[in-house]
Amino acid sequence: MTIRNHTLGFPRVGLRRELKKAQESYWAGNATREDLLATGRELRARHWDQQKQAGIDLLPVGDFAWYDHVLTTSLLLGNVPARHQNSDGSVDIDTLFRIGRGRAPTGEPAAAAEMTKWFNTNYHYMVPEFVKGQQFKLTWTQLLDEVDEALALGHKVKPVLLGPVTYLWLGKVKGESFDRLSLLNDILPVYKQVLTELAKRGVEWVQIDEPALVLELPQEWLDAYKPAYDALQGQVKLLLTTYFEGVTPNLDTIAALPVQGLHVDLVHGKDDVAELHKRLPSDWLLSAGLVNGRNVWRADLTEKYAQIKDIVGKRDLWVASSCSLLHSPIDLSVETRLDAEVKSWFAFALQKCGELALLRDALNSGDTAKLEAWSAPIQARRHSTRVHNAAVEKRLAAITAQDSQRASPYAARAQAQRNRFNLPSWPTTTIGSFPQTTEIRGLRLDFKKGNLDANHYRTGIAEHIKQAIVEQERLGLDVLVHGEAERNDMVEYFGEHLDGFVFTQNGWVQSYGSRCVKPPVVIGDVSRPEPITVEWAKYAQSLTDKPVKGMLTGPVTILCWSFPREDVSRETIAKQIALALRDEVADLEAAGIGIIQIDEPALREGLPLRRSDWDAYLQWGVEAFRINAAVAKDDTQIHTHMCYCEFNDIMDSIAALDADVITIETSRSDMELLESFEEFEYPNEIGPGVYDIHSPNVPSVEWIEALLNKAAQRIPAERLWVNPDCGLKTRGWPETRAALANMVKAAQNLRQA
């Protein structure tokens with residue numbers, strides 16, 4: 001029984017973000033469709049070859065996506081919302097982009113599909129929409145075309161397909177209500193057709209992803225798996241693939257399925273290998289996800305070897321990444337600025353492929369010498385002075401309940417804040433960032449490269465902040481922001497100014513569509529050596545009589561959007577960050593900043609996948625936010641912002657944050673999210689987003705008024721704020737001005753109504 005290795009998927013964007021550049025060039029009309037398709041072909045060929053050269057036996061095909069793999073699956077099934085459909089029913093790459101970006105075939109605006117987090121990762125998928133009586137048919141053959149491509153290049157392939165039950169679970173019903181699970185029998189024929197086509201091509205194994213099997217699914221969804229896979233069996237061998245959690249709670253359901261193998265995440269799950277071996281059919285292949293696909297740390301391969309060695313020779317075994325390497329940067333070797341010691345602790349996607357090759361070879365030969373050599377740096381790290389800071393650990397241990405309590409309850413604070421700011425009804429504001437123009441990005445890049453001295457850089461940033469203030473005053477906004485010209489990314493910026501973080505040059509990972517992020521890495525205890533945001537906030541406030549918000553990224557979001565340490569708990573990291581940012585709140589307040597926004601868009605996405613684990617997480621997540629904010633005086637207004645959120649199941653925790661104002665993303669869901677706040681009788685102020693900043697569409701005054709009137713049916717108008725869904729960093733100034741002008745006009749109309 002020779003052990004083989006494989007990956008569940010590979011990053012799509014390219015080492016230099018070639019896919020992003022090609023997409024954006026095509027969207028701007030500066031490149032042809034053939035240019036775009038050629039970039040995709042080049043990236044796929046390169047990535048297959050790189051994995052093969054690194055020692056991967058079976059290459060994933062179908063993991064590449066032009067925007068998102070769930071959206072690709074929707075097109076495969078012919079599931080295109082009516083507003084995005086071509087008149088002749090055909091589907092092309094522009095159809096796909098219209099769904100993701102919000103356009104009708106005519107070029108007119110049409111709402112983009114809703115976007116939400118892919119399980120508990122930082123990747124976003126486009127939510128499939130289902131309507132009653134919907135028809136499905138094989139419409140988009142990208143998977144088959146790419147399999148042909150890989151086979152022509154001589155590769156051993158393992159096609160990747162999002163499974164039918166998970167696909168339905170991830171979607172939403174639109175229009176008349178019905179049970180979306182009832183569509184299962186309608187999509188299965190398309191899946192069968194795809195598997196038949198793959199079998200014709202000589203494919204032996206298909207990776208069919210069913211990550212929903214790690215969740216606490218309703219019984220009727222669990223029961224749907226057996227008939228679904230009964231219908232799909234017989235064409236090719238199916239590797240039922242799960243990730244992000246363990247499968248033990250649903251193992252009885254899984255073991256009864258007519259598949260030939262199971263992939264389990266042995267990094268994030270608590271599954272016991274011996275129990276899996278005992279309970280799974282003896283003729284099944286077990287794919288052991290031993291190398292973490294969603295972090296940057298080098299694996300201790302001696303530990304991984306020990307974890308799996310007892311079942312070697314007892315069943316067919318593959319070793320694999322825990323999940324797709326989509327969530328990891330591509331190649332550590334191009335990182336030339338990382339300190340040698342720190343660099344020795346890391347492994348990116350290509351290095352993880354190398355780890356899988358080392359592990360496979362050791363398990364096949366029994367010789368662990370290379371594993372021991374590979375693991376030595378990560379073992380030495382445990383004693384590094386770069387990791388431990390006694391002062392931080394002491395401060396964390398001294399936290400009391402008082403440290404997370406504001407001085408007075410909300411009602412008293414609200415009165416103090418009204419007296420201080422005297423804002424009109426329907427106060428208008430934005431979420432924080434303004435367009436990051438080529439000029440701004442060039443300024444930061446020149447400074448970073450050493451082509452610009454600090455004085456010239458600061459003069460340039462000050463000018464952009466001044467412009468942002470002038471623009472906002474001209475538009476008539478009530479509460480202003482400085483625009484964040486100095487910030488490349490809302491998490492990276494703070495990480496750069498906190499001890500305990502390091503940064504990469506090319507550690508890009510895809511967030512959604514063409515958007516990539518470069519998460520910082522938490523390598524040690526976190527502290528703040530000096531104030532971070534105070535100087536620019538103070539400068540912006542000096543330019544206007546209107547209040548300017550101080551802008552902080554909250555502790556849970558910094559944690560969730562960074563690559564965390566693996567040697568301490570997430571709670572410990574979050575509270576260390578909270579203590580550092582608590583000092584920033586105190587310094588902003590002392591500098592005369594009266595409104596401070598602490599963004600926590602990631603609070604919900606950090607939830608464990610199993611509901612039974614939620615309470616413990618929410619308890620420390622809320623406490624971290626409160627530690628961060630509670631130092632503020634009563635007349636300092638604390639705002640928070642959240643996006644991509646379903647709130648109804650965590651309303652207690654949202655209220656427990658005790659923020660004076662919460663702004664939320666609601667426009668894509670047509671204010672549906674406010675229902676949660678209404679039912680809960682949420683006591684504090686709320687700013688429901690009135691337009692979608694992920695789309696270039698400019699909302700009309702009437703559209704915004706209609707949304708605000710809808711909001712006022714659920715939340716008393718005196719507690720409503722008016723704002724976009726999210727920051728405006730990715731937009732251009734022309735559409736930003738137009739959209740905000742309409743937003744301000746809508747608020748003014750409502751004040752006069």
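The backbone N, Cα and C atoms fix where each Cβ goes, glycine too.
What Swiss-Prot says about this protein:
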type     : residues                                         : note
ACT_SITE : H694                                             : active site, proton donor
BINDING  : R17, E18, L19, K20, K117, R515, C516, W561, E605 : 5-methyltetrahydropteroyltri-L-glutamate binding site
BINDING  : I431, G432, S433, E484, D599                     : L-methionine binding site
BINDING  : I431, G432, S433, E484, D599                     : L-homocysteine binding site
BINDING  : H641, C643, E665, C726                           : Zn(2+) binding site
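The structure, with features from Swiss-Prot marked on it.
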residue : record                                                : Cβ within 10 Å
R17     : 5-methyltetrahydropteroyltri-L-glutamate binding site : 18
L19     : 5-methyltetrahydropteroyltri-L-glutamate binding site : 25
S433    : L-methionine binding site                             : 23
E484    : L-methionine binding site                             : 25
C516    : 5-methyltetrahydropteroyltri-L-glutamate binding site : 18
D599    : L-methionine binding site                             : 25
C643    : Zn(2+) binding site                                   : 25
E665    : Zn(2+) binding site                                   : 23
H694    : active site, proton donor                             : 22
C726    : Zn(2+) binding site                                   : 27
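With respect to their backbone Cα atoms, L19 (5-methyltetrahydropteroyltri-L-glutamate binding site) and H641 (Zn(2+) binding site) stand 30 Å from each other. Taking Cβ-Cβ distances under 8 Å and a sequence gap of 6 or more within the same chain, the neighbours of G432 (L-methionine binding site) are V481, E484, M490, K549, M551, Q597, D599, H641, G727. C643 (Zn(2+) binding site) sits 10 Å from K117 (5-methyltetrahydropteroyltri-L-glutamate binding site), taking the Cα positions as reference. DSSP classifies L19 (5-methyltetrahydropteroyltri-L-glutamate binding site) as helix under the three-state reduction. The two recorded residues, K117 (5-methyltetrahydropteroyltri-L-glutamate binding site) and E665 (Zn(2+) binding site), show a Cα separation of 13 Å. Checking each of the recorded positions S433, H694, C726 against C516 (5-methyltetrahydropteroyltri-L-glutamate binding site) by C-alpha distance, the shortest gap belongs to H694.
Checked against S433 (L-methionine binding site) by C-alpha proximity, the recorded positions E605, E665, H694, C726 yield C726 as the nearest. Other residues of the chain with a Cβ within 8 Å of the Cβ centroid of I431, G432, S433, E484, D599, the L-methionine site, are T430, V481, M490, M551, Q597, H641, C726, G727, K729.
C726 (Zn(2+) binding site) sits 24 Å from R17 (5-methyltetrahydropteroyltri-L-glutamate binding site), counting Cα to Cα. In sequence order, V481, Q597, D599, H641, T663, G689, N723, P724, D725, C726, G727, L728 make up the list of same-chain residues 6 or more apart from I431 (L-methionine binding site) whose Cβ falls under 8 Å from its Cβ.
The most densely surrounded of the binding-site residues K117, H641 is H641 (count of other Cβ atoms within 10 A of its Cβ). In this structure the C-alpha atoms belonging to R17 (5-methyltetrahydropteroyltri-L-glutamate binding site) and H694 (active site, proton donor) are separated by 20 Å.
DSSP classifies D599 (L-methionine binding site) as strand under the three-state reduction.
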